[in-house]
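Novice: Before we start, here is the structure in question, set down as structure tokens.
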Amino acid sequence: MSESLHFTRHGPILEITLDRPKANAIDAKTSFEMGEVFLNFRDDPELRVAIITGGGEKFFSAGWDLKAAAEGEAPDADFGPGGFAGLTEIFDLDKPVIAAVNGYAFGGGFELALAADFIVCADNASFALPEAKLGIVPDSGGVLRLPKLLPPAIVNEMLMTGRRMDAEEALRWGIVNRVVSQQALMDSARELAQQLVNSAPLAIAALKEIYRATSEMPVEEGYRYIRSGALKHYPSVLHSEDAIEGPQAFAEKRDPVWKGR
């Protein structure tokens, strides 16, 4: 694909590494390439889970490439399919993505991690949205996703002052799933990915679809929507071969063999 992105398939698991000097910052060209990778992941029936990480041990990603900005790349430039970093605006991705945060996740790098379904981070990781100090706004998800995760006082401080949050604080607030040593990071992310592979793919797709559609609804309204037939994956799960295989495998005390149908 490019010198900035490396990806490896391990069976149903896709590992993507952003490796771009300096600080794994992302310009429009790199963002386009990342979007193509994530769309290919979405559309490949053999792939079940993606892991995105950064090259090196210091930066997951510093976000938007300020050198490109200084050379004329506009904040509202076309960053390609999936929005900034290829993931922040994909709203029909029904497969899980794990962000393995290996260091600083600043600005758009933090927004990329927030767009993932799970965050596993190294104990040296830290998170920040410093855009206001640069005269811009974290509009690739930071200003939208962070308020769903944190109390207003913390959100305001992070958005308006750019203050950093370390890995342990992020764990306490529930922003990240796991904090591990730098050396154990990828093993931990791969372990989580394998746990996800062990779950039925249609069920995972339905869960993501339901959550995406109903997360802002009152519970009663959410129930009505689920039963309305408007969803794509949920009805398919109910009448799938996997819905038969799961209980049957449990009764027979064996691992299920998922077919994704």
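Every residue gets a Cβ built from N, Cα and C, even glycine.
What you see is a predicted model, and the numbers here were worked out from it, not measured in a lab.
What Swiss-Prot shows for this protein is this:
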ACT_SITE  GLU111  active site, nucleophile
ACT_SITE  GLU131  active site, proton acceptor
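Give me the structural setting of these features: burial, nearby parts and distances.
Specialist: GLU111 (active site, nucleophile) counts 29 other C-beta atoms within 10 Å of its own C-beta, drawing on all protein chains shown. Under DSSP, GLU111 (active site, nucleophile) is assigned to a helix (H, G or I) in the three-state scheme.
Spatially close to GLU131 (active site, proton acceptor) yet at least six residues away along the chain are GLY107, VAL137, PRO138, GLY142, GLY162, judged by Cβ distances under 8 angstroms.
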Novice: When DSSP states are folded down to helix, strand and coil, where does GLU131 (active site, proton acceptor) land?
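Specialist: Note: GLU131 (active site, proton acceptor) is helical by DSSP.
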